[in-house]
Amino acid sequence: MVKLMLALDVMDKNKALEIVKETSEYIDAIKIGYPLVLATDLKIVKEIKELSNKEIICDFKVADIPSTNEKIAKLTLQYADGIICHGFVGEDSVKAIQNIAKENNKKVIMVTEMSHPGAVMFMQPIANELAKLAKKLGVDGVVAPSTRPERLKEIKEIVGEISIISPGIGAQGGDLEKVLRILSNDDYIIVGRSIYNSESPKESAKMYKEKLKNNF
Ligand code: 3DU
């Protein structure tokens, strides 16, 4: 089954913990990014890991020189199971993160093409090259867009066995039915606002989980 990753982009600690408790029976993984960490602190990652016992991925889209990437990865992977980085900064920057992750048995997920409209300006033209780099480096996952199923398909064909983490379902308007025809068992969809902003995050998470179970 394709897995459900909750993007927990709320900016209030209690709300975050509440949503995790409410939705945990329906989600497979939790993605924590800058909104929640900057509103609280990095220890929120540890707290949510302990509370949920789910796979926790930090979406810090790390994009710096190798030595700085290494420091960010060390701090993040004390608590998180994986970290998201950019590949456009080049092979050495991604490898620096992979070295830290390997020591700790953690995941590195690399962005190829983002899901928002602006990604067609600069990212889309190099996204296939980024996907090839991801494959060459043997990263543990790549981010590819649910908002552009044809691009999702192309990127999946390039990366082969590497798992896809795909944002864009829900608030960004991605078509889940089309996306599920492309994704396979170890892939994930990321859903944020349409779960945490809904009247009942629990019911919304349940609805997505059921769609994944029934393959729509
Ligand atoms: O649109 P949503 O609220 O379902 O959230 C999507 C999440 O995925 C959010 O955390 C965003 O920062 C992240 N993301 C993208 O939306 C697009 C990307 O290419 C990569 C990450």
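Placed from the backbone N, Cα and C atoms, the Cβ positions cover glycine too.
Note: TrEMBL annotation is automatic and uncurated.
Feature annotations, courtesy of TrEMBL:
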| type | residues | note |
| --- | --- | --- |
| DOMAIN | 3-208 | domain 'Orotidine 5'-phosphate decarboxylase' |
| BINDING | ASP9, LYS31, 59-68, SER115, 167-177, 192-193 | substrate binding site |
| ACT_SITE | ASP59 | active site, for OMPdecase activity |
| ACT_SITE | LYS61 | active site, for OMPdecase activity |
| ACT_SITE | LYS61 | active site, proton donor |
| ACT_SITE | ASP64 | active site, for OMPdecase activity |
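All chains included, 27 other C-beta atoms sit within 10 angstroms of the C-beta of ASP59 (active site, for OMPdecase activity). Sequence-distant neighbours of ASP9 (substrate binding site) (same chain, six or more apart, CB under 8 Å from its CB) are GLY33, PRO35, LEU36, GLY192, ARG193, TYR196, listed in sequence order. In this structure, none of the recorded positions LYS61, ASP64, ILE65, GLY174 sits close to ligand 1 with a C-beta under 6 angstroms from any of its atoms. A Cα-Cα distance of 18 Å separates ILE65 (substrate binding site) from ASP59 (active site, for OMPdecase activity). For the pair formed by ASP59 (active site, for OMPdecase activity) and SER115 (substrate binding site), distance between Cα atoms is given as 14 Å, rounded to the nearest Å. For SER115 (substrate binding site), the same-chain residues that are 6 or more apart in sequence and have a Cβ closer than 8 Å to its Cβ are PRO145, SER146, THR147, ARG148, SER166, PRO167, GLY168, GLN172, GLY174.
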